[in-house]
Amino acid sequence: MDLIAGILLNGLALGAMYAMGTIALSVIWGALGMLNLAHGAILALGAYAAVLSVEKLGLPWWASLGPAILAGAAAGLFLYFCIVKWLYRRPNFPINTVITTIALAALTENLINQSIGAEVWPQPFRFDGSLSIAGISVRAQPLVVLCAALLFTIGISWLLGRTALGRAIRAVSQQRDAASLMGISVPRTYAQILMITGVVSAVSGVLLTGMTTVYPTVGGDPTTKALIICACAGLGSLRGATALALAFGLVEVAVQYTIGARFGTTAALLIAISLLVWRPYGIFGTNSGGRL
């Protein structure tokens, strides 16, 4: 029973991490029509901000999430003011942002390597030990990660569905020019979207590295998997992406426990390829080209 509980908890925690990444990517795609391939770099920045705030500034471990949030928001604003602001009204915006965000991700990883080093750091924002729930012993860290990730996911869904900002985001995603004529500031909405998704990416970096370690390229693998999940769910489908991310995490961990650690990602990717062959526009997507 402990083994089954461990598989479920670790799988859901990993899936929740993927869900945060897929939501960040899906929201940006739905509103701006761009793939943010700098997501992994922002994830790494958040993880390093938490580590360095404890190691260098002496903050208590529980306060390290604050600098990570600030780093994610700053990275999102940087992405807007230095890239999106100059490209979004020009031709070939989607492909231009793919190229520039790839370059930005590579530059960020190189700067981390040069300034901090390539050594591995432990993430101080973590919960060691285990808890007993209904007589079943479960590790504290995956449980905390799962709860925190679900709270963030619910919060983003509430923001998009129940607030004025969410209505502005949906309006801009559906018809940018009409939204502008109705008094919605498109540039400000874009900046807010990138800032919010930057925070989500940075916090997911802290939570993920609490289960592993911190190193310059830590965001590469989560970004690849988040993109695959987005494609399988249908770009712009938030609920579908969240559900599929949880399933992806469960499959990966279940295979790791039952067959071997090296086969977990392989099995999940084989399923993803099969899904894309079956539904090229995603399980929850349509072939009409609409977003959000």
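Don't overthink the numbers, they just go from 1 along the chain as shown.
Just so you know, glycine gets a Cβ as well, placed from its N, Cα and C.
Features as listed in TrEMBL:
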TRANSMEM  7-31  transmembrane segment
TRANSMEM  61-88  transmembrane segment
TRANSMEM  140-160  transmembrane segment
TRANSMEM  190-214  transmembrane segment
TRANSMEM  226-251  transmembrane segment
TRANSMEM  263-281  transmembrane segment
For the transmembrane segment (226-251) and the transmembrane segment (7-31), does the number of C-beta pairs under 8 Å, pairs 6 or more apart in sequence, reach 3 or more?
yes
Chain residues outside the transmembrane segment (61-88) and at least six past its termini with a C-beta under 8 angstroms from it:
32, 34, 36, 38, 41-42, 45-54, 96-97, 100-101, 104, 124-126, 187, 190-191, 194-203, 205-206
Quickly jot the same-chain residues contacting the transmembrane segment (263-281) by Cβ under 8 Å, restricted to those at least six beyond its ends, or write none.
225, 228-229, 231-232, 234, 248, 251-253, 255-256, 287
Sequence-remote contacts (6 or more beyond its ends) of the transmembrane segment (190-214), Cβ cut-off under 8 Å?
13-14, 17, 20-21, 23-25, 27-28, 31-32, 36, 39, 42-51, 64-65, 68-69, 71-77, 79-81, 84-85, 88, 120-123, 125-127, 141-142, 144-145, 148-149, 152, 156, 159, 165, 169, 172, 222
